[in-house]
Amino acid sequence: MKTLLLTLVVVTIVCLDLGYTRKCHNSPLSLVYQTCPIGQNICFKINVKEAPSIPVKRACAATCPKSSALVKVVCCKTDKCN
């Protein structure tokens, strides 16, 4: 019985990502993504305001970058949301 319990605990640990990290797209195309470094739990996408449908940059961040007069930044906190 102890062996079965230990086996279940090990399987649970292996199946769960205990050190969960965010996954964010990291290219203008949404086909490629990266696992973010520890501490960077925000995905962001930067678009030029004149061409909002074309992302300029997608990446991970610890804090959301600021938008400016020329670029719009969209931040989110779920996997591949950017």
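Glycine is treated like the rest: Cβ placed from N, Cα and C.
As annotated by Swiss-Prot, disulfide bond applies to Cys24-Cys43, Cys36-Cys60, Cys64-Cys75, Cys76-Cys81, with the evidence given as similarity to another entry. If you look up Swiss-Prot, you'll see 1-21 marked as signal peptide.
On the structure: features taken from Swiss-Prot.
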residue : record         : contacts (Cβ under 8 Å, 6+ apart)
Cys24   : disulfide bond : Tyr33, Gln34, Cys36, Cys43, Phe44, Arg58, Ala59, Cys60, Asp79, Lys80, Cys81, Asn82
Cys64   : disulfide bond : Ile42, Phe44, Val73, Cys75
Cys76   : disulfide bond : Ile42, Cys43, Phe44, Asn82
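If you count neighbouring Cβ atoms within 10 Å for each of the disulfide-bonded residues Cys60, Cys81, the highest count belongs to Cys60.
Remark: of the disulfide-bonded residues Cys36, Cys43, Cys75, the most isolated position is Cys75 (fewest other Cβ atoms within 10 Å of its Cβ).
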